[in-house]
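Student: Have a look at this one before I ask anything.
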């Protein structure tokens, strides 16, 4: 249920390619135009791109091939360097970082997917794969290590539990089953469903129901009247497993086009919203054809232009759109909820998510489905609203603190300047070490926020959305992100920080 989509980042030109007209005279440009020639001057911020470019020149590649290769390498570099920034926006929208800041990151919870597999060596996924009873490939029972030839499953898992800022529940564990290889075989899907109900070891023996996951994500479905999975879903539910499914990408076909199993009343179906809280044009609309009184989707979540782990390299990232990317936001959010509310039932989780979803920020399309007005919730467009996992968890835990959503209450003294924040690094982002994020309009306020936040040692401020400040407990590896400003707080005289 994914439609792949390349995101043309506006920062690409400023980040990596600069038409340096100030270094070439107007007359030279004019002479080149008359000769029907062109000239490109490239400024490299990435040593790898420069090395690749030089290698192609030495190998005798044509000018066109060299330029095409250069553009591809720059796109790849920009994708990698900006992946964590783009991913964090979706997580911030559902307020997952506010839970991270309170120490709720999915510990003790296991999530699973039925998909194309997972690249288990990816830098965002390798540390939290549960190896014991953690993988099944029904196509090749001698394949004991997770892999992914298509990429869909890796991206989905990255959204659920990926580290380095891309996942909703980065300290949850994951297991997986490969349903889709070259194709998606229904028999293999049933085998995967059975495996997750009672995971077994590599040789297919010693099934152990205690190893079953807490949450299963299914980013698949179709508009059908074949409801063959109802029995196995009922068994999942009886075993205490919470099933989450994408609602489908058939919104342009009108009402009543939820996919199956998403249309089932036994699962949480997820619609797709963008970063402005508009419903995605292709997000499937309810009601369920199983029963027209069943509202679908149940809830919506960010699913447009979502960055996640890629399957082509251990440090690769991709950008995709669809309810396939929205559903794992909900599955990951459930992992956070269960981490904070040990043993919560399906009904308790469902009520928490749906009763505390955001609706005020939504812009509904000018349509109604199933006779429910588009401004009444739940409806067959957004369901109960757009996911807000902080509100859902905060309703069950007293004293949970929401980090400041806007301007910091602490500002630098008039006599202070940015020297008290250390030396700022322009166009720089620090990978990892994220504590929390705050919307702040100036880098000075970002520095001040870091100073008052326990464990904060470094910060990165971005111009995104009017100003976004990320607080970090370590500096981390540096990457180039256009417009970002990064700094490390100087150690106090004692050499220690609280």
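Just so it is clear, glycine is given a Cβ too, placed from its N, Cα and C backbone atoms.
Just so you know, TrEMBL annotations never went through curation; they're auto-generated.
According to TrEMBL, the protein has these features:
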- 1-19: signal peptide (SIGNAL)
- 115: active site, charge relay system (ACT_SITE)
- 152: active site, charge relay system (ACT_SITE)
- 324: active site, charge relay system (ACT_SITE)
- 421-491: domain 'Apple' (DOMAIN)
Student: Using C-alpha atoms only, work out the spacing between residue 324 (active site, charge relay system) and residue 152 (active site, charge relay system) and round it to an integer in Å.
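Tutor: Cα-Cα distance, residue 324 (active site, charge relay system) to residue 152 (active site, charge relay system): 9 Å.
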Student: Please state whether DSSP places residue 324 (active site, charge relay system) in a helix, a strand or coil.
Tutor: helix
Student: Report the DSSP secondary-structure composition of the domain 'Apple' (421-491) as helix, strand and coil residue counts.
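Tutor: Once the DSSP states are binned, the domain 'Apple' (421-491) shows 14 helix, 33 strand, 24 coil.
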Student: Whole-number Å distance between the CA of residue 152 (active site, charge relay system) and the CA of residue 115 (active site, charge relay system)?
Tutor: 7
Student: Look up residue 115 (active site, charge relay system) in the DSSP assignment and report helix, strand or coil.
Tutor: strand
Student: Does anything in the same chain, at least 6 positions from residue 115 (active site, charge relay system), have a Cβ under 8 Å from its Cβ, and if so what?
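Tutor: Those within reach of residue 115 (active site, charge relay system), by Cβ under 8 Å and sequence separation of 6 or more, are 152, 153, 156, 157, 176, 178, 179, 180, 218, 219, 220.
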Student: Counting Cβ atoms within 10 Å of each candidate's own Cβ, which of the active-site residues 152, 324 comes out highest?
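Tutor: Counting every other Cβ within 10 Å of each candidate, the maximum falls on 324.
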